[in-house]
Amino acid sequence: MGSKKLTVGSDSHRLSKSSFSSNKSSHSATKDQPIDTDDIDEDDESGHNIILNIISQLRPGCDLTRITLPTFILEKKSMLERVTNQLQFPEFLLQAHSEKDPLKRFLYVMKWYLAGWHIAPKAVKKPLNPVLGEYFTAYWDLPNKQQAYYISEQTSHHPPECAYFYMIPESSIRVDGVVIPKSRFLGNSSAAMMDGSTVLQFLDIKDGNGKPEKYVLTQPNVYVRGILFGKMRIELGDHMIIKSPNFQADIEFKTKGYVFGTYDAIEGTVKDYDGNAYYEISGKWNDVMYLKDLKQPRSSPKVFLDTHKESPLRPKVRPLSEQGEYESRKLWKKVTDALAVRNHPVATEEKFQIEDHQRQLAKKRIEDGVEFHPKLFRRSKPGEDLDYCIYKNIPVDEDPEKQIRSILQIAPILPGQQFTDKFFIPAFEKIKSQKKMIENEKQNPAKQ
């Protein structure tokens with residue numbers, strides 16, 4: 001539909017056409033391209049000794065979520081913002097939405113979901129753990145003159161869980177998801193077992209039951225190798241599952257063996273629910289991926305996705321001066337500023353201050369018998385796919401302009417938007433007031 005955007009964004013925030021490999025680190029920089037400290041591997045002898053001291057107190061299989069790690073392995077980004085890495089290739093979603101053939105549409109969705117995994121620091125870094133109630137919003141000015149909107153919030157701390165919402169209203173595309181990383185110590189490795197899933201819907205494409213076509217997608221797990229001996233590096237491992245009403249893909253992220261194998265390889269098959277195989281996918285998730293048409297047995301695999309040739313479209317975020325104290329970039333600013341100049345003592349102290357404040361708040365909630373409630377997401381109802389969903393009801397068949405207004409009422413997303421008193425009310429209270437308003441409108445239709 002491509003209606004006029006509600007605000008004019010800043011210059012295009014595009015990354016260069018380069019693959020963010022998990023096993024490469026470069027300290028070189030030019031006058032126009034300064035060093036990004038997220039790309040610097042600071043695993044020197046003293047750093048390794050710090051990690052060894054922490055690890056020596058652990059047993060294999062124990063939970064790492066309560067362990068304080070040194071700041072030199074932290075990325076200058078909260079997990080709430082890190083999720084947007086998966087949303088930086090909207091062109092594949094738009095192509096999927098316009099594709100009439102269900103199998104081809106499935107392949108575009110698979111390409112979209114595979115495209116973002118290579119966006120990561122070149123050094124071994126982990127995102128900042130969001131604090132309870134932390135939130136992050138962003139938007140994209142798309143090439144088709146439409147806008148995409150993103151809202152996320154840390155809904156639980158033990159276990160850590162963040163919920164997110166993404167929508168392109170004018171193209172009837174909606175994404176909801178939760179991320180539940182469960183960290184484990186495995187000897188010379190640590191693992192983040194990525195529970196949770198992503199739910200993609202094309203709201204104007206109906207399945208056999210007349211409901212929006214839905215895709216449910218899971219994540220591979222993340223492993224950090226070499227934490228006791230050898231060089232530290234990140235691997236993705238285990239299986240990613242993508243399911244639609246008609247097809248499913250099981251893609252294995254293969255970890256390298258001690259002797260044989262290679263790093264970063266993937267291997268998978270696209271099938272229908274009768275077991276008929278249509279395509280095989282292979283290659284490397286941070287390099288080039290190939291697709292082989294199994295209905296053409298003599299054909300060779302063709303390039304499916306070359307990560308070196310794709311330019312991610314980075315999200316845009318409101319200025320810091322407009323952000324709330326629990327908004328990710330503002331909350332962690334002193335920490336990320338210190339990390340940017342590699343001042344780890346200051347980063348450690350600022351991080352401690354934030355986390356200690358959270359401990360005091362948690363203690364007070366226990367003393368007062370008060371339960372934490374998210375502001376932007378609600379607990380799911382029976383039968384829903386995720387633990388949490390955005391609290392505001394956005395009707396599937398509503399006019400896109402009304403959908404946009406509803407989204408912008410949830411939280412400030414665009415530059416110039418102001419916080420309202422309603423923003424700070426827990427989501428479940430907002431839902432109650434919504435129901436009362438709807439009931440009043442039904443009882444007094446003349447006042448609408």
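Here the Cβ of each residue, glycine as well, is placed from N, Cα and C on the backbone.
Swiss-Prot marks one residue of Ser16, Ser321, Ser328 with the annotation phosphoserine, and that residue is Ser16. A simple way to gauge crowding: the CB of Leu69 (1,2-diacyl-sn-glycero-3-phospho-L-serine binding site) has 15 other CB atoms within 10 angstroms, across all the protein chains here. Within the model, the region 'OSBP-related domain (ORD)' (54-391) shows a mean pLDDT value of 94, rounded to a whole number. Taking each of the binding-site residues Thr68, Ser183 in turn and counting other Cβ atoms within 10 Å of its Cβ gives the largest count for Ser183. DSSP assigns Thr68 (1,2-diacyl-sn-glycero-3-phospho-L-serine binding site) to coil in the three-state reduction, placing it in neither a helix nor a strand. Other C-beta atoms found within 10 angstroms of the C-beta of Asn129 (1,2-diacyl-sn-glycero-3-phospho-L-serine binding site) number 20, with every protein chain shown included.
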